[in-house]
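Working notes, beginning with the structure itself.
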Amino acid sequence: MPKRDDIKTILVIGSGPIVIGQAAEFDYAGTQACLSLKEEGYRVVLVNSNPATIMTDAEMADKVYIEPITLDFVSRIIRKERPDAILPTLGGQTGLNMAMELSAAGILDECNVEVLGTDLTAIKKAEDREAFRDLMNELGEPVPESDIIHNLDEAYTFVERIGYPVIVRPAYTLGGSGGGICHNEQELIETVTSGLKLSPVTQCLLEKSIAGFKEVEYEVMRDANNNAMVVCNMENIDPVGIHTGDSIVVAPSQTLSDREYQLLRDVSLKIIRALEIEGGCNVQLALDPDSYNYYVIEVNPRVSRSSALASKATGYPIAKLAAKIAVGLTLDEVRNPVTGTTFAHFEPTLDYVVAKIPRFAFDKFEQADRRLGTQMKATGEVMAIGRSWEEALLKAVRSLEIGADHLLLEEAENADEATLERKICFPEDDRLFFLAAALRRGQTIEQLHAKTKIDLFFLYKLSKTIELENRIKENPHNQEILAEAKRAGFSDAFLATCWNVDEQAIYDLRKAQNLFPVYKMVDTCAAEFESTTPYFYSTYEEENESTRSAKESVIVLGSGPIRIGQGVEFDYATVHSVWAIQQAGYEAIIINNNPETVSTDFSISDKLYFEPLTLEDVMHVIEIEQPLGVVVQFGGQTAINLADGLAKRGVKILGTSLEDTDRAENRDAFEKALEILQIPQPAGKTATSVEEAINVATDIGYPVLVRPSYVLGGRAMEIVESEEALKHYMTNAVKVNPKHPVLVDRYVSGQEVEVDAISDGENVLIPGIMEHIERAGVHSGDSIAVYPAQRLSSQVKNTIVDYTTRLATGLNIIGMLNIQYVVDGEEVFVIEVNPRSSRTAPFLSKITEIPMANVATRVILGENLIDLGYTPGLAPEKQEIFVKVPVFSFAKLRSVDTSLGPEMKSTGEVMGKDVTLEKALYKGFVASGTTMHDYGTVLLTVADRDKEEAVELAKRFNRIGFTIMATKGTASTLEEADIPVSQVKKIGENQETLIDYIRNGQVTLVVNTLTTGKRPERDGFQIRRESVENGIPVCTSLDTAEAILRVLESRSFELESMNASEVKQPKARV
């Protein structure tokens, strides 16, 4: 079938901000789709609220709207642009839900807009739990015994009939939001209440638990001619009961017999045909390990996280082809871009094994509930490719960047028996390491299978890895065993530990016997056809398929898995750097291991190496490619941390030298540089022991800001108000020693300002100055950033430009740098300098139209700013106002305190842009998922130090018609200021407490500032958690509350009577 010519303009709906369950895979899918549609000659309009994405670059679509993905704003765009069709299936759950809302509101009919890819009936059948169950029954496909419930009473009725455990699956939610496995009544009440609140249609499916069955996924494609094919099948190592996003996954499946594989394949194809999906679809199935019985768990009628994994695992570009199918092309008439000769209906064949391991953020959240279930908790993932399952697994383990270069974690090895058993029987994020520890202690694979239901095949492979470990230790420097270990995926670092030598000695031993990896191509066809894909993985075999080209090359190091503090912003910069290298006439090579991202799309770079970002793995690529140098500025802390080791091995680090990077990151060297440059910073010193830290804090006075050197995302950073709290921090949060010093600074509570700049060594370009709405003390990644700065005097701006220029030239920065300042009155202090790309670079690049990573890369390659057409100094400010608003995933991370501080907690961001600050903030808040009520009740419960400021906010809330509730202390302060307030009981008091009001939906906004002390049992923690669980916005900074108030005031009309003196209202009490 030829492509459709009756449609000209297509609206693509993006997935919005990065949250747990919906990450960079949709930037990858959306980018591919937009380019694919443009390639076919369509006019593409894109709406997405996330500025940190490649897909929101102006070149990706004919019209790019960075606006909230809400019914109101998308409707406005449709009425303005008049698209002929919308494509919602590449925007994750957000895209699907938006399409359903637009349809229900009558907008699609009103504007005559067609839905492409998957029609609304199919979306409803797949997403609505009841409709899906009915369809499966119609097809004769088994689903677990289940019931649709809309309230708790219906849940009780179901449980009385089938007993515990039961699984709760809310309808139309993302990443299992609000779902879980319930073993008792208490868990049922909590999970069902949460699930019904989070489901936009207030509907949950309760089903009989089939935990323990094998979980298998099929990624399938279908076109309008009813051609359907399987791109890839994947097997979860963890059985049913753990969300697939939190499971270790292998592709292709390893334990299915041919009969089982074909059985589940036929079911998947039958389902996609019955749903009449045109494009990609993910089918999740549960297989009884002891029979051929199976159940259909669910279907995602869209491109998903698994699609991104399947695309990278096979090389088959699902999103690109799904977009072509959506406009009428068929699988047998679209060429597979990997081979260039075969067509897209050929099912990919793999002659290698792929392992995916999720990456969690529990290093950030000590108090989080780490237990895994049906609600997703991972922020990102890594993928590795090998010739065997064990090789792929070990490569994936060292890609995680959790301080493990092997299946060996100190906590697991040192755990007592009770902890070991608990960690094995009740899975958490680190179960793999505890399984290895149990095998080392002599537990059998049969015992572990009985406890975990993990297939014996995988446990057997693990046990073989442990056996090989023992042989390595017993035979130091044995060449045969060394070769066997390398084929099995063992790292030099681990072998060095086993043989008590340094890593270099292992390398020398390998060099002596010419034991090096070769690189194999990912070609979708197991070498059956000629392929030109420049996509490689390493393995220890004979034939090398990657050859160095005659062109000079530059290697760019990626940023690895997405985690809090290092998100998609760094992948954005990596991709732009690659494009700039190509524009400058060099071959651009990427090394990265994240299957979700645009940078690991093989069509982006000249060559892609899908490898762990460790010194050993990166050096192997460098040895084969012999590049001009390596760029580390765009890969976040991951790449920066590799620079030292690479330089010591003679690799040229392009851009800022290692010595100058160290001067910016090492505290003592930085202080000396500031002294020479005569730039002030808050008083502080470096401490290398607990005693030293206490002495420094005593000298400069509390409160102090403490943090380790060389960190990203404010990890382990804290404001400490007493000696007792400092001792607790030094013993619990960091392992302080002379090699890992801790910085102790005077905490300045001023206005925080952030600057990104580019320096060529002589000239410094400052695209923009951003001010943070929250005062210093809240991590920059969690603050609302405003551009252009609204509250800075010309003198302060001039000082910032002067300091930035002096710092860039004084530290010999070549490329990008990010500086954070704190402004106290007219005084400006430097907090920190990061000699690399930052998370604000994509935001600033888009709004100033200065492609920062691109320009910085050209500078790194030796060009200067003036020749590139840029005038040094501060770029002219834009007339419009732009805000970057953080987005959090607290609903997924139970037990995590939502209060904001110096440690970063947000997973993503959105942008708001308009002609006034209030309008831009409104868009930012709405896009971030904050519900903006024009009237309602504000609950105020603030620390003593904030009470004076809270009085002014309360007056303003009262003026625009809000009712105010407060706890005793805050209420007394408000009453003294003659502000009408209802006093509510604190937690633990008799009668209705403020928690009851939150749960009953009687509160629309909570303002709760921290009393010091971080114990979660404190009242504040419970107030904040309850607010999040009940979908109520909660502000832990008065600055954020003031920003929301400004927006509400701008949307309100003041209502005052004409009487000269108003009678004061009586003070109400509740």
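Yeah, the Cβs are placed from backbone N, Cα and C, and that goes for glycine too.
Swiss-Prot annotations:
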BINDING   Gln284, Glu298  Mn(2+) 1 binding site
BINDING   Glu298, Asn300  Mg(2+) 2 binding site
BINDING   Arg707, Arg746, Val748, Glu752, Gly777, Val778, His779, Ser780, Gln820, Glu832  ATP 2 binding site
BINDING   Glu832, Asn834  Mn(2+) 4 binding site
DOMAIN    133-327  domain 'ATP-grasp 1'
DOMAIN    671-861  domain 'ATP-grasp 2'
DOMAIN    930-1070  domain 'MGS-like'
REGION    402-546  region 'Oligomerization domain'
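Here the domain 'ATP-grasp 2' (671-861) does not lie next to the domain 'ATP-grasp 1' (133-327) in space: the count of CB pairs under 8 Å, restricted to residues six or more apart, is fewer than 3.
Taking Cα separation as the measure, Gln284 (Mn(2+) 1 binding site) is nearest to His779 of the binding-site residues Arg707, His779, Glu832, Asn834. In this structure the residues listed as binding ATP 2 are Arg707, Arg746, Val748, Glu752, Gly777, Val778, His779, Ser780, Gln820, Glu832; their two most distant Cα atoms lie 18 Å apart.
Model confidence over the domain 'MGS-like' (930-1070) stands at 82, taken as the mean pLDDT rounded to a whole number. Within 10 Å of the Cβ of Gly777 (ATP 2 binding site) there are 20 other Cβ atoms, across all protein chains. Val748 (ATP 2 binding site) and Glu832 (Mn(2+) 4 binding site) have their C-alpha atoms 13 Å apart, to the nearest angstrom.
For the binding-site residues Glu298, Arg707, Gly777, His779, Gln820, a Cα-Cα cutoff of 10 angstroms around Glu832 (Mn(2+) 4 binding site) retains Gln820. The shortest Cα-Cα distance between His779 (ATP 2 binding site) and any of the binding-site residues Glu298, Asn300, Asn834 is the one to Asn834. Annotation for Glu298 (Mn(2+) 1 binding site): same-chain Cβ neighbours under 8 Å, separated by at least 6 residues, are Ala126, Phe132, Arg169, Gln284.
According to DSSP, the secondary structure content of the region 'Oligomerization domain' (402-546) in residues is 77 helix, 11 strand, 57 coil. If you take the CA of Asn834 (Mn(2+) 4 binding site) and look 10 A around it, the binding-site residues you hit from Asn300, Arg707, Gly777, Gln820 are Gln820. Between the CA atoms of Asn300 (Mg(2+) 2 binding site) and Gly777 (ATP 2 binding site) there is a gap of 41 Å, rounded to the nearest whole number.
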